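Taken straight from Swiss-Prot:
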TRANSMEM  4-24  transmembrane segment
TRANSMEM  30-50  transmembrane segment
TRANSMEM  59-79  transmembrane segment
DOMAIN    238-265  domain 'PLD phosphodiesterase 1'
ACT_SITE  His243  active site
ACT_SITE  Lys245  active site
ACT_SITE  Asp250  active site
DOMAIN    422-449  domain 'PLD phosphodiesterase 2'
ACT_SITE  His427  active site
ACT_SITE  Lys429  active site
ACT_SITE  Asp434  active site
Amino acid sequence: MKKPIIQLLLIFTIVSIVPFLLNTSYISLYTFVGVLWSITIVGISFVIFIENRSPQSTLAWFLVLALLPVVGVLLYSIFGRSRWRRKKHLHRSEEQRKLFREILEGRRLELSLKVPLSERSVHLTEVVQKFGGGPAADRTTTKLLTNGDQTFSEILQAIEQAKHHIHIQYYIYKSDEIGTKVRDALIKKAKDGVIVRFLYDGLGSNTLRRRFLQPMKEAGIEIVEFDPIFSAWLLETVNYRNHRKIVIVDGEIGFTGGLNVGDEYLGRSKKFPVWRDSHLKVEGKALYKLQAIFLEDWLYASSGLNTYSWDPFMNRQYFPGKEISNAEGAVQIVASGPSSDDKSIRNTLLAVMGSAKKSIWIATPYFIPDQETLTLLRLSAISGIDVRILYPGKSDSIISDQASQSYFTPLLKAGASIYSYKDGFMHAKILLVDDKIATIGTANMDVRSFELNYEIISVLYESETVHDIKRDFEDDFKHSTEIKWNAFQKRSIKKRILESFMRLISPLL
């Protein structure tokens, strides 16, 4: 049933003009169109039903089609169809992909753990790898970067030190002060002979203009847009965005986390004078996986413009194998996206939270969990585990904010603690379990990150960075207001109805 909605809409358009062409009078146009729309909606409902979506998603789409039949059809044609596969990825040379994997597999011994970890951590690394994550890497150092000032300072310093290549990928990249500063640093290195590849998402970075990018092209920087929104494939790609943020310098230094590139991430916007976020600097063996993820995205996005293959990257210049001999703990990089049925990141988060014995602390700007995640958190809280959720007191999305609050009641009743960050916008995406294991990355605790976006997280095992994450959590709790059950249950009926409605349509967000 290829492209069913486009076909149905095409049939509708063609048949709708038949009465005009034939000048028939035995049936009114109003009746004719009404019947045809009914058939179209029934057809779409059938498609939704046989796609075996989650009950919440299925119900949400049925509701939209029932209440907004015309608009609902258009919305579903753009946002609702089942997970789109990267068809161009599948057409790529399987021999090249196999060779690329073999190179990484051949270095598995180099990636094998030599640092002693607890039995639980070792078991988790094995489970996460089965979910699709890369092998856990020791001899890797990580550094927690708190907020924009520290993050951009470290990134610019790393760019300045580049000798061979710089790979940079962002969901949102803005042509403001910090965006221009990073761009100019890239141009300078490109003129010095460093290879620079710049990948940005077509929707998230839709404000980038030719006049901003042209100096980069003139300096020799390779620029690729991930799934442009103005293309023949708009309906195929608009709902599946690349939300990853990656910077790699010489295959030795990497950055990933919650921060995009823009002045607002430095707290320079009137709406959010404080932007609370977290990023991660990585050096060592874990760069193997981070580099591989960037290159896969790069080759996919550039396949329509160039004749790239894996071959130019099969060398030590891109995978130098830098080791940090005195590094503690281990790092595991996990990526997921709509090109695969595996919910690697979601399953990884469930596995990490499921291993908790004492505490589960979560920071997320959007809390719209699926049923499995919500159930795990409820049961953990009931069993006495210290479950805490830190979310923004002031959100950048009213819809997401109301939907998030609809999930608070079952958690508060189970004994979980909810904290509303009051100093600004909480944009960090972090999980901390038992002060021993943590995750940090681009994925929010919501269905979009679990199923629709291309995301990336880093799982940190028993390293000093985990303690730094705990320190930041404790500081954030001091700048937050705890939501008490007695006060929360006194919300007005109007607000509860709004929350419930937003929760009902949350699978569509």
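Glycine too: its Cβ is placed from the backbone N, Cα and C atoms.
Distribution of Swiss-Prot features across the structure.
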| residue | record | contacts (Cβ under 8 Å, 6+ apart) |
| --- | --- | --- |
| His243 | active site | Tyr171, Asp201, Gly204, Thr442, Ala443, Ser449, Asn453, Tyr454, Glu455 |
| Lys245 | active site | Gln169, Tyr170, Tyr171, Phe255, Thr256, Gly257, Gly258, Leu259, Asn260, His279, Thr442, Ile456 |
| Asp250 | active site | Ala162, Lys163, His164, His165, Ile166, Gln317, Pro320 |
| His427 | active site | Gly258, Leu259, Tyr265, Trp275, Arg276, Asp277, Pro365, Pro392 |
| Lys429 | active site | Gly257, Gly258, Ser278, Ala363, Thr364, Pro365, Ile440, Gly441, Thr442, Ala443, Asn444, Met445, Ile457 |
| Asp434 | active site | Ser355, Ala356, Lys357, Lys358, Ser359 |
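Per-residue pLDDT, averaged along the domain 'PLD phosphodiesterase 1' (238-265), amounts to 94 for this model. In the domain 'PLD phosphodiesterase 2' (422-449), helix, strand and coil residues by DSSP number 3 helix, 13 strand, 12 coil. Helix, strand and coil counts from DSSP across the domain 'PLD phosphodiesterase 1' (238-265) read 3 helix, 11 strand, 14 coil.
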